[in-house]
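Novice: Sharing a structure, written as C-alpha cells. Questions coming.
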Amino acid sequence: MKNEEQARSLFGISLSDRPRWQQFLICSSGFFFGYLVNGICEEYVYNRLHFSYGWYFTFVQGFVYLFLIYLQGFTSKQMVNPWKTYVKLSAVLMGSHGLTKGSLAFLNYPAQIMFKSTKVLPVMIMGAFIPGLRRKYPLHEYISAILLVVGLILFTLADAQTSPNFSMIGVIMISGALVMDSFLGNLQEAIFTMNPETTQMEMLFCSTVVGLPFLIPPMLFTGELFKAWTSCSQHPYVYGVLVFEAMATFIGQVSVLSLIAIFGAATTAMVICFLMILVPGHVSLDHFTAPNINKSHVKKQPPCAMPSYS
C-alpha cells in the first residue's frame, strides 16, 4: 500500500478523513457496482442481440464519459499535467483493451480467467521499472501474491463447467494484454505519485480524449465502424443500453483510479481479480428475470473487456 495519503474524494464523498478500511470499502464497492452492471448490459448486447462491435461501443461510451466528466465540473483548464503525460498511458490502455477483446475469439472463459488471475504478478514486477515509481515489494508479498493467483485459478477451474481451451494465438494475445496491464496500473500510480494534485477526473478525462483516436484505425481496418453504424441505426435502443452501461462503468472507472491513488496498482489488481472471480463472466439477465431457475444450467459466457479498468 502507499505510504503517502493525499486529499481524495469520490463523487463528493471525502476519502481522506476516513479510516483506511472505509476508503477501501467505498472504492471497492464502486468498482463492483460498475463491473456488475457492465456484465448485465454486455450479456444483453453481445449475447442476446449478437452485436460484437466492441471497438465502436467503446468509442461511443468514451463520449458519454466526457459528458459525465463535464457534468462533474471538470475542464481542461484544471489539468495539472501536460497532455504528453497521457499519450503513453492511453496507448497502453487501448492496446490492453484490444488484445483482451481479441483473445475472446480464441480462448474460452476458464482459459482467459486463468491468465487474467495472474495479473497481479506482472503488475508487482513492472512496478520496479516504472520511472517515478520504482516500487519494490518484500519477498513475503510476492509469495502471498503467488498463493493468491494459485487459489484464484483453482477456484475458477473448480467452478467452471468446461475445461480451459487454449489456442496459441489467443495465448499470445492475452499474454500481450497482461504486459500492457502491468504497465497501465503502474503508469497511473506513477502519475499520481509524481504529481499528487492529479485528480481521478483528470486521469479519466485525458486518457479518454487521447485514447479515442486510437480506436479509429481498428474500426476502419476491420470495417466495424460502418457495420456497427448500420446495425445500431436499425436498433437505436442499443444506444440507450450503452449510455446506461457507460454511466455505471464511469463510477467503476473513477473508483478504480481512487484505489490506485490511495492503495497502489498492485493492491488494486488484487481487488479487481478477486471481484472478477466473485462475479465470473457475464451476469446473465436470467439471474434477475428468472430467479427460480437452476443456476447450474445457465451457460457462462466469456467476459468482454471492461474498457480501461486496470
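Keep in mind that glycine also has a Cβ here, set from the backbone N, Cα and C atoms.
Pulled the feature table from TrEMBL, pasting it below:
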TRANSMEM  21-41  transmembrane segment
TRANSMEM  53-74  transmembrane segment
TRANSMEM  86-107  transmembrane segment
TRANSMEM  142-160  transmembrane segment
TRANSMEM  166-184  transmembrane segment
TRANSMEM  204-226  transmembrane segment
TRANSMEM  246-279  transmembrane segment
Novice: Among 53-74, 166-184, 246-279, point out the range having the most Cβ pairs under 8 angstroms from the transmembrane segment (204-226).
Specialist: 53-74
Novice: Which residues of the chain, 6 or more past the ends of the transmembrane segment (166-184), have a CB below 8 A from one of its CBs?
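Specialist: That would be 89, 92-93, 95-96, 99-100, 102-103, 105-107, 111-112, 115-116, 118-119, 122-123, 125-126, 130, 269, 310.
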